[in-house]
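S.K.: Pasting a structure below so you can have a look.
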């Protein structure tokens, strides 16, 4: 007879590339999002929360095909008896949904429309160390205006936001560049719109951060040996032809006026180039009028990230302090936010060009930076734990907890099996409790409670020979009526 | 020659059953979630944010089949060249992920583990009016303890939470029942575990809210004509057999002692029944000790929702004030939260029974209730709008905005085409702006600005004949240096 096969137990694991966030990781992110939302709101931006799910049609970009419907996004087909249900997908950023929302509701929205959005997005990509398939974005965009005042405003807001969440002035820099200036440079080089070499040049410029000026020069001309020894073909420009691109990338001067003059030279007689330099000048003037100096926001043509994607100004916020990488080497913390102007946001839906500009903050990187700098404490204080010495007197312990909570003190009663008192103290330890409260039958009879200062206790244990600690008691007996006052005193650090 | 067919434009719509949330809808929900998280945290609960995506295996319940893989959930197969990729799905609640997280991380978590979680969940169900396929849940659970103190604590926390978000005492009631008591009643009726009639009785009891005592009596016995004229078959019990169930449902007495006495009678000699009554008594005693009277939390055997699902205590929070329904009839607002004890949370994963108890708050219903009661204002105040009279002086206007913002006043400059001044005032109106600031060239020369009180202006427009309004100016000319002070004065309601 065949044995009835037992159903195997499901594995308790997250899907590949996903993770869980616990305790303070969650609270700290919430607090940061709240602080950022506060700045955005103060600037007149309105919250928008679109659904996590969009039609694949509306998301665009990643159209499903039968063989591999979920390239880049997580997508599925809506059930429908005919088998012709719509394809739906999880959003991969907050910009594509903004385009859909704006096209759908444009008659009801104020114009221009300033909106912010924050929440998880999903990418169907191969996960790697520290690279997850669900992560937070935090965006602010202004839709419906071509005014450089919108771009300047977003740069100012980004600067204010970084200072608000705890990055002091001097530890960050918002750098601004402009795609039109680059287009002007390409025009000045004789590479007109449509020339395939333009894309080659753009792709090469993207590597400027990595390979530097000399590397880009090689890649634009005859090619280059990379670090692994492989030869990378060059674009095939002559040294003369490559010169304007390099002039553009290195045109940062001692001040904005000098930088703008260098750029004007680089774009030569190109109209679009002159327009781009003019835009940078406008942004600079508006920011100067608002009191934002080059120590906070600077025009810097070496910003290349996003130049391929955006159509006008491009901005990036970098943290400039140094951290130690996983190999113990010093390096700059780097970019925590980027954005720019893109003018084809809703054209897909309506046929109409609508100018827009916006920024996205990498919340998790920003949190990592604050933790790195010690601006967020890693192990915060847990609740006061009221231990259970006599399980029949649970009501007594609940009353203590209620008193502590009513006094504004985070507190809980031990809810596990109270038999082993050691387990209760281990539990308090795992909870990072600052204080444990103990009331056995004998204490109850005498109208007192024992209060253990666990933070001090831990310090004493660590420095057992240290005279200062040895002399201080870490456990106190107080009258039951003084419970709240004594706990409050310990929490205030006054033993 | 065939014409090149133009790609049709994508439709700018949300998928069926999804929606967008704008402005204050988003901020108000964030504020409520923050307030609730504050209470949960104060009670010693820790935040948990699991990913939105789980393996279908870990979610359980809804296993995919080839024909219709996404019954109840939104599910898709991970791409894998062999075609054997894992099935993944969006979470349909916050309890199934808690089970997975607890099973996965149990050795690192404190035990018992108090956790709260808030976020969207997704249901692949037919959408209806007001029923969306993505909505928020806000849960708190204690895992790893069978103590009734955990259940009492959650009831107390639920009561505190409702008061914290703005439901005053008297406008809500947390009601507690117990599944074990019902099991005792069924045992007393001679329906042992495994008897198919038990399920019939459970299903019938579920209708108590809708059909009342007489309806349940008919359904338990000979059957019943429903409102549409259709005949619903009865369970086929005799009147005598049905009596204990009805006694249970209607056993609420003048006070907890009387209710408990009634329940003890209803369960007769059943051991499990006596255990259930004992649990209710413990919860009542603990809550009384904590100062939670029957005006906040009450033992009430008529709570039937969830009795089929939970294994011990069951609780529900109802708002007791009346609202007008869509047809203008008065009715109680009803349930905003429910929960109870379930002891098989992680058994699927580990084989081990782990007792747990928890509650879920319907955040959107609670928000609706607060709006209904006028505790949340529907149209809050927008930003101060600085209008643009002279587009070449954008820097001047930006400076005004910067001054206002630095003074803590929400403000923005008009970023649209400034040509038509009427459009700027219409924009300010759409933004619910309290104040518009105007500085033309002539004002600039004289060193003054015009400040329009838009709230007062709207009142004057509404009550044009009202003497009080007619005499008050709604536009002021002030020195440029007094801009911030005057705006602040208007915002404070002092004209």
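Keep in mind that glycine also has a Cβ here, set from the backbone N, Cα and C atoms.
Sharing the features that TrEMBL gives for it:
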{"type": "DOMAIN", "residues": "A:17-380", "note": "domain 'Aminoacyl-transfer RNA synthetases class-II family profile'"}
{"type": "BINDING", "residues": "A:93, A:94, A:95, A:123, A:137, A:141, A:305, A:309, A:310", "note": "L-histidine binding site"}
S.K.: When you measure from the Cβ of residue A:95 (L-histidine binding site), which residues in the chain that are at least 6 apart have a Cβ under 8 Å away?
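M.R.: Expected: A:139, A:141, A:342, A:345, A:358, A:360.
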S.K.: Helix, strand or coil at residue A:310 (L-histidine binding site), per DSSP?
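M.R.: Its secondary structure by DSSP: coil.
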S.K.: Identify, in sequence order, the residues in the chain of residue A:310 (L-histidine binding site) that are 6 or more apart from it along the sequence and have a CB within less than 8 Å of its CB; answer 'none' if there are none.
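M.R.: Those within reach of residue A:310 (L-histidine binding site), by Cβ under 8 Å and sequence separation of 6 or more, are A:179, A:340, A:341, A:342.
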S.K.: Using DSSP with the three-state reduction, classify residue A:95 (L-histidine binding site) as helix, strand or coil.
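M.R.: Looking at the DSSP assignment, residue A:95 (L-histidine binding site) belongs to a helix.
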S.K.: Within the chain of residue A:305 (L-histidine binding site), which residues six or more apart in sequence place their C-beta under 8 angstroms from its C-beta?
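M.R.: In sequence order, the residues whose Cβ lies under 8 Å from that of residue A:305 (L-histidine binding site) (at least 6 apart) are A:206, A:209, A:314, A:316, A:335, A:338.
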S.K.: Looking at L-histidine and its recorded binding residues A:93, A:94, A:95, A:123, A:137, A:141, A:305, A:309, A:310, figure out the farthest C-alpha pair and report it in angstrom, whole number.
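M.R.: Taking every pair of listed residues, the largest Cα separation comes to 21 Å.
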S.K.: Along the domain 'Aminoacyl-transfer RNA synthetases class-II family profile' (A:17-380), what average pLDDT does this model show?
M.R.: 89
S.K.: Have a look at the binding-site residues (A:93, A:137) and report the one with the fewest Cβ neighbours inside 10 Å.
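M.R.: Least crowded of the binding-site residues A:93, A:137, by Cβ count within 10 Å, is A:93.
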